[in-house]
Amino acid sequence: METTVRKQKKNLETKKPSIYSLQLHEMQDWLKEQGEPKFRAGQIFDWLYKKRVKNYEDMSNLSKGLREKLSNSFDITTLHTLVKQTSSDGTIKFLFQLYDGYSIETVLMRHEYGNSICVTTQVGCRIGCTFCASTLGGLKRNLEAGEIVAQVVEVQRALDESEERVSSLVVMGIGEPFDNYDNLMGFLRIINHEKGLHIGARHMTVSTSGIIPKIYKFAEEDLQINFAISLHAPNSELRSKLMPINRAYKLPDLMEAIKYYVNRTGRRITFEYGLFGGENDQVEHAEELAALLKGVKCHVNLIPVNYVPERDYVRTPREQIFLFEKTLKDRGVNVTIRREQGHDIDAACGQLRAKERKEETR
């Protein structure tokens with residue numbers, strides 16, 4: 001343990017910025033400072049995101065001097081895979097270790113339309129949702145843009161073996177994305193850029209628990225990214241019980257921000273609604289939810305919850321899920337039930353990391 005601590009301390013003291021944190025224009029600016037032509041930025045991005053090399057020596061069309069400058073200035077290492085769990089349905093959950101010893105989760109989900117990745121934006125989470133394993137242990141730190149980018153790069157490297165690609169992504173992993181707004185936006189722009197992994201903006205979804213000021217800010221961004229709200233309750237009292245953030249950002253104010261976003265962007269918003277047995281899954285809850293969303297351009301995604309040992313919530317019975325869905329549909333709400341994936345592995349958000357933390361403290 002003492003050796004591990006010393007190694008992590010050394011990593012912190014000697015850490016260079018990640019090259020994966022740089023957007024193309026930032027790389028061009030750096031090259032200009034080094035007296036190098038800016039077209040080299042495109043070549044560097046090609047090595048990073050198309051060929052996905054792991055060291056600067058492989059960047060054969062760059063001069064030795066430029067490779068040395070890159071090596072002296074930026075870290076090219078990505079993430080260390082601690083655990084890789086594969087479900088019977090093809091879902092793969094990765095537990096990655098960061099340079100400072102913290103760990104994060106990333107999930108690859110396979111669909112008929114392609115491969116989707118769920119990325120993490122923070123080590124832990126401060127929001128405190130009572131149903132989520134991600135909040136166990138609290139928030140440790142924000143991820144850098146490059147650490148979020150590296151999750152996609154590492155998963156894409158795993159897919160390279162079978163000549164597959166990441167075709168879409170959701171920012172719904174550990175942490176509150178809008179609490180790490182600048183790094184989130186840097187990540188999205190790098191991944192979306194044609195010189196990056198070039199995942200289309202409309203194939204990316206960002207989810208928030210409801211940080212209202214950032215919703216207004218997000219509405220002004222120029223990326224056509226899908227937007228989702230973790231709602232989980234049809235009224236303020238129940239939402240405050242499930243999601244303490246509702247005490248700071250009240251549901252009526254949240255709905256006003258959502259309406260502004262929809263009117264400003266013209267885009268439909270998705271409401272994520274986890275179903276918790278006996279808590280928020282009754283017909284009266286569905287009726288109340290339909291009334292809350294009346295007139296809002298939206299889609300509701302019903303989520304049968306994964307069981308989390310550290311929490312007391314139970315799964316809603318299958319027939320009750322269908323009744324909830326029917327109640328919404330009968331009232332004109334666009335709704336679907338999320339297909340469960342990774343049910344036979346630690347699929348709940350933060351669950352694999354929580355298990356690893358338990359092992360570390362034994």
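The backbone N, Cα and C atoms fix where each Cβ goes, glycine too.
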Record-annotated S-adenosyl-L-methionine site (Swiss-Prot): member among Ser116, Ser162, Ser207 besides Gly175, Glu176, Ser230, Leu231, His232, Asn306: Ser207
Where's the emptiest Cβ shell within 10 Å among the binding-site residues Ser207, Ser230? Ser207
List, in sequence order, those recorded positions among Cys118, Ser230, His232, Asn306 whose Cα sits within 10 Å of the Cα of Glu105 (active site, proton acceptor). Cys118
Select the closest residue to Leu231 (S-adenosyl-L-methionine binding site) from the following recorded positions, measuring between CA atoms: Cys118, Cys125, Cys129, Cys132. Cys129
Sequence-ordered binding-site residues within 10 Å (Cα) of Cys125 ([4Fe-4S] cluster binding site), taken from Gly175, Glu176, Ser207, Ser230, His232, Asn306, are Gly175, Glu176
